[in-house]
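To keep things clear, I will list the structure first and then write my remarks on it.
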């Protein structure tokens, strides 16, 4: 079976199943959206945001890029963030990293990948690695060291969000959105929250990175 044929068949099966469970869902969706959360996640195909949160269409506003980075100098990222917080008025932002992240693994060294755009994108994570070199080098297991940097990267992205004028203005206006740093464990399928920021200067580390 050709790719497009299979894709269309899978789409038909999905549409039939979801409309059977919720007969009114497509009529509701065509009238607009009101998601409660902006999800900033990794592009990795193993981390499908809606499925792992058991979310229905319309419940999550999603932006994904390599290694779930906050990119304040990129219009693509900032347009998503601006629309989510200023127009949709989401109450929560989730920054979700995941174990065994290939993007973070590539940032474990200063060796270029040979992919110019990717190397530029990963430089900020390499800087996080350099700033935490002593701690990371003390972790002997390679997999644990990688997952520790995954967590450090999530916390850095949460911090960056908290310093954006766009977010600070929302906090002043309505004390929302809350920002949640989370890790998805590929080996168990479970999410864990590691960092939460509820308004300016009000943040909590829920567990150590790692």
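The backbone N, Cα and C atoms fix where each Cβ goes, glycine too.
Quick look at what TrEMBL lists:
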type	residues	note
BINDING	42, 44, 98, 101	Zn(2+) binding site
Additional residues around Zn(2+), ordered along the sequence, whose Cβ is within 8 Å of the centroid of 42, 44, 98, 101: 41, 43, 46, 47, 67, 68, 97, 99, 100, 102, 103, 104, 150, 184
Residue among the binding-site residues 98, 101 whose Cβ has the most other Cβ atoms within 10 Å: 101
